[in-house]
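According to TrEMBL, the features are:
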TRANSMEM  68-86  transmembrane segment
BINDING   74, 77, 81, 339, 468, 472  Na(+) binding site
TRANSMEM  98-119  transmembrane segment
TRANSMEM  146-168  transmembrane segment
TRANSMEM  228-246  transmembrane segment
TRANSMEM  253-272  transmembrane segment
TRANSMEM  300-321  transmembrane segment
TRANSMEM  333-354  transmembrane segment
TRANSMEM  456-482  transmembrane segment
TRANSMEM  494-513  transmembrane segment
TRANSMEM  525-546  transmembrane segment
TRANSMEM  567-592  transmembrane segment
TRANSMEM  612-637  transmembrane segment
């Protein structure tokens, strides 16, 4: 028998615990519930079987624990780990940023991730069903979560489409973004001016990939290449989720593991490149003074929040397919630390490659400015006496150029600016912060053009991005389909295909020539504030409405051990306080920062910040309002009994269980039943139930004293009666 089984744990423990009847009768014949004394007319004195949620209730289940862990890892580890976390490290003090991030991971990330895993596993429903179950008046939490998943899925799959386009473009040598195109003007061949002003990789991204317009107001029509790429992306996602976890679980074996293979390959290759150590040293050199800035802590909290996928509903949906006694605490800690170390690994890879790129660009700067100095020497603008004898302009090194630059700047103090010489400092190149699409589709692609066998590395890189995005999209789609399939009797395959078709049609907004600006808009406004509100309401509904003591008792009954008392304080006080501060900081940031976007100006061949026009500004705030609208609507409607509390849509297993046991229970027993306690249990002789000791140490939660809460009461009894 495994050492982790509950029976072995009880045999090895010296504490008095309550033997569940399911364990005691594990090798006995199943009892007919009609003979239980919980039913009217049942014979007294017979054993009372403990009703558990059946494992074989018809709900799909993961084939293995590994498959489930990979699904959670695939959902939480996404594109943000590769192109957001390294940028935040660089911006917020290098290695010093890891300190606030790790602290907030411990006090916000893991506790809230554990909370979502636990409620999903206990109630075995999607996000809508879970929060209807915990508190019907706050049932809008699940609906808002579903709305945010829809908004995020629309634009997130566009990014996968971009990666698919680059993936297929990578099967060329040389890579199509390695050189600027040549324009023929009669007999004269000139470099494309827009590309010459920027760079080959920048030009390929903005002009040949997106063919972007100069403002969000100019639609420019559909970009056919991006439309086809988006169609391919939705077909892949649809095939991955069409059978639910039966298909997505198998996909996760590859989509979750393959990115790690690529990251390790890139790390090994990157460390062999010239200048990679410079990049890594620059990255992890801590600027400790940055830790005193509130903005650093706010951005660390936001990154922790989104890195784990809190509030999306995907975490709850995945955990709802687990066995009731699965150790979700271990899962929460494991997945959180895998996510953290993946971010560290991605940061090492990114800055090893960017260090190599910085050295290449610095050498290019030295060569170009060395040619300028030679021209000034030949035209007698500068005297040959200024040049140290050891300097060789045919092999000008960065250190030699730094000496020459310093001398010329000192001698030509008054007229130095007219010479147009640049300092060419490696530190300046390393300080150029890039994130998001700028990192993946411009900076990284430019670095790979200098790799030996560059097409191979480009194919690997963009295939990795596709898999990272696919893992997150599977979780996002599961967060949409699972709640709906739990609540309504619809065919899974037809509903999934229908969702993908509708999403593709709505996604055409993002594959216009101005579509890149709408991706930025949705990324900035559709998820940030709404998701933070959703998560704090999840925290409050469990810790303050349902009750932290009751929830801790549920966890002990479910897991077979008592979680650390520190979770009591984190759920009850610390996490809500941190989330309130985060919401306040987010609102203040939105209020003081002018809403706008970076537009690509073709004439200037560079980005310029532009404010949103009034209609786009209204669209930004509409995204926030629409995502959060279900919260007040559901609360008001259920407060005034204008809509059902959703309990008539409980899963079959819950309806059957409540039909058997609720009929003859007192109201207090009913609440204890819903909370996962043992209603109506007659204490077994010689076995005493160990109460849950509260943090004060002098009070305990007596299951016999639990009274029903205003959020979960007779509605569940009515649900059981209706289902008869």
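One-based numbering along the chain as shown.
Note that Cβ sites are derived from N, Cα and C of the backbone, with glycine treated the same way.
A TrEMBL annotation is a machine prediction, not a hand-curated record.
Positions of the features from TrEMBL, shown on the structure.
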residue : record             : Cβ contacts under 8 Å, 6 or more apart
74      : Na(+) binding site : 252, 255, 256, 470, 471, 472, 474, 475
77      : Na(+) binding site : 256, 259, 338, 339, 342, 468, 471, 472
81      : Na(+) binding site : 307, 339, 342, 343, 346, 468
Which of 98-119, 146-168, 253-272, 456-482, 612-637 contacts the transmembrane segment (494-513) most, counting Cβ pairs under 8 Å:
146-168
Ranked first among 68-86, 228-246, 253-272, 333-354, 456-482 for CB pairs under 8 angstroms with the transmembrane segment (98-119):
333-354
Between the transmembrane segment (146-168) and the stretches 333-354, 456-482, 525-546, work out which stretch tops the count of Cβ pairs under 8 Å.
456-482
Starting from each candidate's C-beta and looking 10 angstroms out, tell me which of the binding-site residues 339, 472 has the most other C-beta atoms.
472
Out of 68-86, 253-272, 300-321, 333-354, 525-546, what stretch is closest in contact terms to the transmembrane segment (456-482), meaning most Cβ pairs under 8 angstroms?
68-86
Which stretch, 68-86, 228-246, 300-321, 567-592, tops the Cβ pairs under 8 Å count with the transmembrane segment (253-272)?
68-86
Give residue numbers and ranges for long-range contacts of the transmembrane segment (525-546): same chain, 6 or more residues beyond its ends, CB-CB under 8 A.
112, 115-116, 119, 131, 134-135, 138, 141, 144-145, 147-148, 151-152, 155, 302, 305-306, 310-312, 571-572, 575-576, 579-580, 582-583, 586-587, 590, 620-621, 623-624, 627-628, 631, 675, 709, 711-712
Specify the count of other C-beta atoms within 10 Å of the C-beta of residue 468 (Na(+) binding site).
29
Around the Na(+) site recorded as 74, 77, 81, 339, 468, 472, what other same-chain residues have a C-beta within 8 angstroms of the site's C-beta center?
73, 75, 76, 78, 79, 80, 256, 259, 342, 471
